[in-house]
């Protein structure tokens, strides 16, 4: 199978990071003063973000030492005490993982990348500083997508993608808090521990499994509707990320009455499962550039589930070869078919353009 080793590494790395983030979520919330930092853009970042990024990048480097990584976080400005907290959480997670969830013949560390010291942690985090680009292959990582949801005790996701020559070829998303019965579906046995993992390789379909197992994979597909009035939208919780007022205007124009609001790329997973039909993320300002790690893993999962993923104004595919950001404006993903997706995008474009009319 194409990218077989890469898929194994991505799945097990996301799985282990999902376990850690689920385990420490309540602790991070209870001790925000010591576990959470505010970045320069006023967004929060937690011990969990850094620990998850460290686990995943170390797994990548241990198996593909020459591969580059575009990661969201940097170790710049972190105190030794904070980095020590990251390492301690990783060690505590190792004990739980090795006892209950370890898979044979998989290495998260090796002699070159032992992950034992504070300097090891800093080095691994900063391997995520690659700028991306049009040529070659690199991994794209958001260790906790939806940090504000994580800090509310709600939905978040661990997201990893492999991009080759500007095209996402593999995506893996861990959703540690996802309970499908909350969205009208039946849950799979074993989801209670730490949710689900969704994954896809381009050309090979999209699948999901309880994270506790990650061996029994069920193929998934979007649902196709004939009328926008029957659609359910997927939207974020935070108003700082997308224009909720304009998204409401789009829904009114298309006679869409049902919406689900949740953080993170878990929205892409619900779309791929056929539990909703269109993901709206309209830019608050046209100058805003989406980060590739917020959409890369979801891109290939939606595509392989039969969906469509474009910008919100010109109806063009998202370009993941532009560096660390997308050049296009806004994001819309839908279950299709093409004519309905085009209608949603054209309506979105009209609404966005009317703000300056």
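Note that Cβ sites are derived from N, Cα and C of the backbone, with glycine treated the same way.
Annotation comment: Swiss-Prot describes 49 (among others) as active site, proton acceptor. For residue 49 (active site, proton acceptor), the same-chain residues lying six or more positions away in sequence with a CB closer than 8 A to its CB are 72, 73, 143, 144, 147.
Classification of residue 72 (Mg(2+) 3 binding site) by DSSP places it in coil, neither helical nor stranded. Summarising the environment of residue 72 (Mg(2+) 3 binding site), the number of other Cβ atoms within 10 Å of its Cβ, over all protein chains shown, is 23. As annotated by Swiss-Prot, Mg(2+) 3 binding site applies to 72, with the evidence given as experimental evidence.
The Mg(2+) 1 binding site annotation in Swiss-Prot covers 72, 142, 144.
According to DSSP, residue 294 (Mg(2+) 2 binding site) is assigned to a helical segment. Cβ neighbour count for residue 294 (Mg(2+) 2 binding site): 21 (other Cβ atoms within 10 Å of its Cβ, all protein chains included). According to Swiss-Prot, the Mg(2+) 2 binding site annotation covers 142, 145, 294, on the basis of experimental evidence.
Swiss-Prot lists 147, 241, 264, 267, 281, 294 with the feature adenosine 3',5'-bisphosphate binding site, giving experimental evidence as the kind of evidence. In the three-state DSSP scheme, residue 281 (adenosine 3',5'-bisphosphate binding site) is classed as strand.
Residues or ranges marked as active site, proton acceptor by Swiss-Prot: 147 (among others).
As annotated by Swiss-Prot, AMP binding site applies to 241, 264, 267, 281, 294. Taking a C-beta cut-off of under 8 Å and a sequence gap of six or more, residue 267 (adenosine 3',5'-bisphosphate binding site) has these contacts in its own chain: 234, 235, 236, 260, 276, 279, 298. DSSP assigns residue 267 (adenosine 3',5'-bisphosphate binding site) to a helical segment in the three-state reduction.
DSSP gives residue 145 (Mg(2+) 2 binding site) a strand state. Counted within 10 Å of its Cβ, the other Cβ atoms near residue 145 (Mg(2+) 2 binding site) come to 30, all protein chains included. The residues near the Mg(2+) 1 site, meaning same-chain residues not in 72, 142, 144 whose C-beta sits within 8 angstroms of the mean position of the site's C-beta atoms, are 49, 52, 53, 71, 73, 141, 143, 145, 147, 158, 159, 293, in sequence order.
Apart from the site residues 142, 145, 294, the chain places the Cβ of 72, 146, 157, 159, 264, 265, 291, 293, 295, 297 no farther than 8 Å from the centroid of the site's Cβ atoms, the recorded Mg(2+) 2 location. Put simply, of the binding-site residues 142, 145, 294, the one whose Cα is nearest the Cα of residue 264 (adenosine 3',5'-bisphosphate binding site) is 145. For the pair residue 145 (Mg(2+) 2 binding site) and residue 281 (adenosine 3',5'-bisphosphate binding site), the C-alpha distance works out to 15 angstrom.
Residue density at residue 142 (Mg(2+) 1 binding site): 31 other Cβ atoms are found within 10 A of its Cβ, drawing on all protein chains shown.
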